[in-house]
Amino acid sequence: MKWIREIWQSIVRRDPLSTDKGKSELVFLNVWLHIHPAKVKKENLRFKHSFYLGFITFFLFLILLTTGIALMCYYRPYPPAAYQDMKDLQFAVFMGSFLRNMHRWAAHGMVVCVFLHMCRVFYTGSYKKPRQFNWVVGVLLLLLTLGLSFTGYLLPWDQLAYWAITVGTNIGSYAPLVGGQLRELLLGGHSVGEAALLRFYVLHVAVLPALIILLTIVHFWRVRKDGGLSRPVWKLKPQKTEALVTIGAPAEAAPLHLATASKDKTYGLMEVVTGKPIFETVTPEEEEDTVFSYPYAFVREALALMATVTTVMTISLFFNAPLEEMANPAVTPNPAKAPWYFLGLQELVSHSALLGGVVVPALMVIALIAIPYLDRNPSRRPRDRKWAIWLFTFFVVANIILIIVGTFFRGPGWAWVPPWVHVVARPE
């Protein structure tokens, strides 16, 4: 009916998707999709180029938001009610255990995927000019992701959570001058208690998610403004000058040279042509190696979303999130371990509190942020960046080894105990 069509057209102001103009307008005129270019290079749609790690990380964050909001309906952030709510989720609430499992494994998956995404960006040299600041935003997102997972670790209020947070905050207290004050501010006292649980809850459900959402918007927008995904190193082309015609200028006027196109550009620079409506400028030049974002890019992103959700759901069906006895400050597990992603630092702290609690964490963060500004090599090709790749690989492998050692090879008293040796330790 005509009036229904008019209402629909007032909401969706674009041509049919069967036309090129409609496909461009779908991206350009949509508040959620306009962060995409109208067209993308075919090569950037290949899974092996980026492994869709950025999108997978974002989808895991969406899972965390969705399941987290649902879990908030059944959770009270004060002991001992917090632990009892975990028990209710596990045994009384319909699908409660599955919901908590999804939240837990998605959180761990997000930490892993953010780290892998950072590695992929480094090894492909995608942090180089003009993308330096977006690398810094990515590092901040990595730190916020660790903070989000760390603050959520305490909320079940069981022995595992209580002592992991105790150890984790003790590591931070080794920072000179401000370490002790920051620990007391975070915990609301000198030990993990009711005040700490409430503060961790506020950080976990409000402060850190808001910061992650804000920086994610900036991150995506900078990717878009920096020319989309960086092109594969074997596809780089020489720089060339793009010509634009100013709006209202005569058609025969000489082109105005505005800027030099980036070699990393993965979609065509759009030309403003005199006499054509402004919405037509969203369609890039017709090139043989480009395709419209709709449906090609959107379908692949939808498949990545479905694969991510399916994987998390499958893991959640077969593996339950751990829940030990209620937190008891009088009973210390031996050994008490930090969350797995901080076990590398705990391993270093066991040898030197200054090294593991101050020097190494500070140097790692400073080095990661400074990488794009210290690396003056303009080439993104691996054969031209051997030293940088070797140094970064050493950093990655060393962290993985320290985490493995702390997870599987440390027993009572933090003694070296191989995982195949069974040791029964008495609580302290």
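Cβ from N, Cα, C; glycine included.
Bear in mind that TrEMBL entries carry predicted annotations, made automatically and left uncurated.
Quick look at what TrEMBL lists:
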type	residues	note
DOMAIN	1-232	domain 'Cytochrome b/b6 N-terminal region profile'
DOMAIN	283-428	domain 'Cytochrome b/b6 C-terminal region profile'
TRANSMEM	51-77	transmembrane segment
TRANSMEM	105-123	transmembrane segment
TRANSMEM	135-155	transmembrane segment
TRANSMEM	201-221	transmembrane segment
TRANSMEM	302-319	transmembrane segment
TRANSMEM	353-375	transmembrane segment
TRANSMEM	387-409	transmembrane segment
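Residues belonging to the domain 'Cytochrome b/b6 N-terminal region profile' (1-232) score a mean pLDDT of 92 in the model.
Between the transmembrane segment (302-319) and the transmembrane segment (105-123), three or more CB pairs separated by 6 or more residues in sequence fall under 8 Å, so the two stretches touch. Secondary structure of the domain 'Cytochrome b/b6 C-terminal region profile' (283-428) per DSSP (helix as H, G, I; strand as E, B; remaining residues coil): 89 helix, 6 strand, 51 coil.
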